[in-house]
Amino acid sequence: MILNIVKRTSRTSLNFIQIACRNLNSKIPVLPVPSLTNEFTSTVKIERNTIALLERLSLVSFDTDEGLNILEDSIAFADKILHIDTDNVEPLYSVLEDQTLILREDKVTQGNCQKEILKNAAVTEDDYFVAPIGNIPLHEVEVQTESTKLKQNEN
Amino acid sequence: MNKLTGYTIKMVHQAYSEKMLTPTSFIDLSLQRTKQSRDLNAFVCVTEDTAETHSIESEKRFYISKQPKVLDGVPIAMKDNFCTSNIPTTCASEMLKNFVPSYDATVYSRLRRAGACLIGKCNLDEFAMGSGTVDSIFGPTRNPWQYDKKKWRISGGSSGGSAVAVASGSCLAAIGSDTGGSTRNPAALCGVVGLKPTYGLVSRHGLIPLVNSMDVPGILARNVEDVATILNVVAGPDINDSTTIKKPFEPITLKDIDLSQVRIGIPKEYHCEGMSREVIDIWGLVADLLEQQKAQLEVVSLPYTSASIAVYSILNQCEVASNMSRYDGIEYGLRANVNSSTEELYALTRHQGFNKVVRSRILAGNYFLLTRNYVKYFIKTLKLRRLIMDDFKKVFSPDGGVDLLLTPTTLSDAPLYHEFVAKHNRDQCAFQDYCTQPANMAGIPAISIPITLSKNNLPLSLQLMGPPLSEELMLNVAKKIESLVKFPILK
């Protein structure tokens, strides 16, 4: 039984290659080329502290476990290339690294657009953008969301 | 019968000269077409009044001053991440739903200067993050091929709206953007030509940034010649974008070229796991056709390509995390209703303004950029990016290298909507962008050309890539392929 299956599989793949060779231009690779990426997928777990730090830096919250899973999955995907040797390779910041940037003359070419710029702001006062009080760091996001809800309810 | 899909820029101009059509009548037909095809959801907004004004200007130049410009009376559409003054530019996001730019993107102002008429702004994945045009606050864009109200295919993305607008005959050409394949992918799935120019050849000024080091404006049209006409109008240095290439742009010319002097590489790594048999078959078919035309074909290797999609994903998320920090609700865009503290306002605004995909990319990007991860992930991927670019440099080297590369654009024909959305965004992109994002990593030009229909009667396309600034040769070979395969027009 097992032998049968093995036989059948090997015959199928052979047939496949034969068919492929017969029909395909010889320059086209018949089978997928193995990837340089690591086939092994690591399991990533993010600590609570890191979650809070990322939320504070990003000013967006994970809101659900799904959000956290997506992050852990992204990291596991990234981990697949860490083993590739990059010793003595310089980082590439821009594909235009061998060119000089255009510098324009230090002259005013635009202006008188204060009204147009300000009209896209939801809240303005005279010629100013308006922000609430600063210097209050964002606390733990759970606490934050709760307090926000409370305030909205009070309103 | 949809006659509009049969037109080219040349034919329309010919018809204007002979007064078989006039700019105002043709723009009117285009606007009607946008209404008839409303189900496809290609447009975020149809700029009816603007288009009419533009077409009247074109008509005057055609018949009164008798000095028509190259794109007079040519209906075009812009992806809704290009700024257009006094016309909302939303990026298909709650964050910019009410944003009205006070200036034009360079690409748009150059098209206007050449007489083009804007018929609308096109749908996209929110902030161009996706490969399906399924994640937009305006709902998904639908592929016009084999369209059925109950069972329809995705358009591809993120410039899906632009591709569908062109494919369905609402306009002759559209502008998309291309960071990892966002122009070529929907072009491939919708059966139109999609060009990603060399990084720095076309200005990014006014294109709302996703990944600054890879973004380029893309061009979509139904044939190679129209793509070339648009490229000649929009390309070249721009004082407002310091990353444009300083060298003056030489307009490209299309001619009947002799392929016997052209060396074309088949990079073996582009046959990856999950590629459909039909895609491999058309790859072989076009290789045969090119050999019959005496082109010199050879197998080449770009070993780092297989790692490129993971490298791309890290760099994308890092640049997104940085780029998206500008959205805070104070100067423009959505502002949440909180007044207790600045940071709280920022956080709630961003929570309400961004979709799940955008938020998760910001969080992942900031993870890779943490002090303790910076070298491990970010610097590592920049080094790998150099290795990926060096692969291309070697393969295109003047001594013994090839002139162009021929590869598939996507791994399959257009997936059904419900099958596509069952996957996570990252998996969607990792699968769909495999063949396209290496060109963005290296900053090289690439073009997707429709080849034939699959057994599902959907477009299948291939991609040509070339060294930096090889657009002229690339478009000439693309035109040759186009004339050999005779891809059918969507009726």
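Using the three backbone atoms N, Cα and C, a Cβ is placed for every residue, glycine included.
Record features (TrEMBL):
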- B:K79: active site, charge relay system (ACT_SITE)
- B:S158: active site, charge relay system (ACT_SITE)
- B:S182: active site, acyl-ester intermediate (ACT_SITE)
- B:30-475: domain 'Amidase' (DOMAIN)
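Features recorded in TrEMBL, as mapped to the structure shown.
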residue	record	Cβ within 10 Å
B:K79	active site, charge relay system	34
B:S158	active site, charge relay system	37
B:S182	active site, acyl-ester intermediate	39
- For B:S158 (active site, charge relay system) and B:K79 (active site, charge relay system), determine the Cα separation and express it in whole Å. 9
- How big is the Cα-to-Cα gap, in Å, between B:K79 (active site, charge relay system) and the residue listed as 'active site, acyl-ester intermediate'? 11
- Note on the structure: By a three-class reduction of DSSP, B:K79 (active site, charge relay system) is assigned strand
- Task: Please average pLDDT over the domain 'Amidase' (B:30-475) for the predicted structure.
- Result: 96
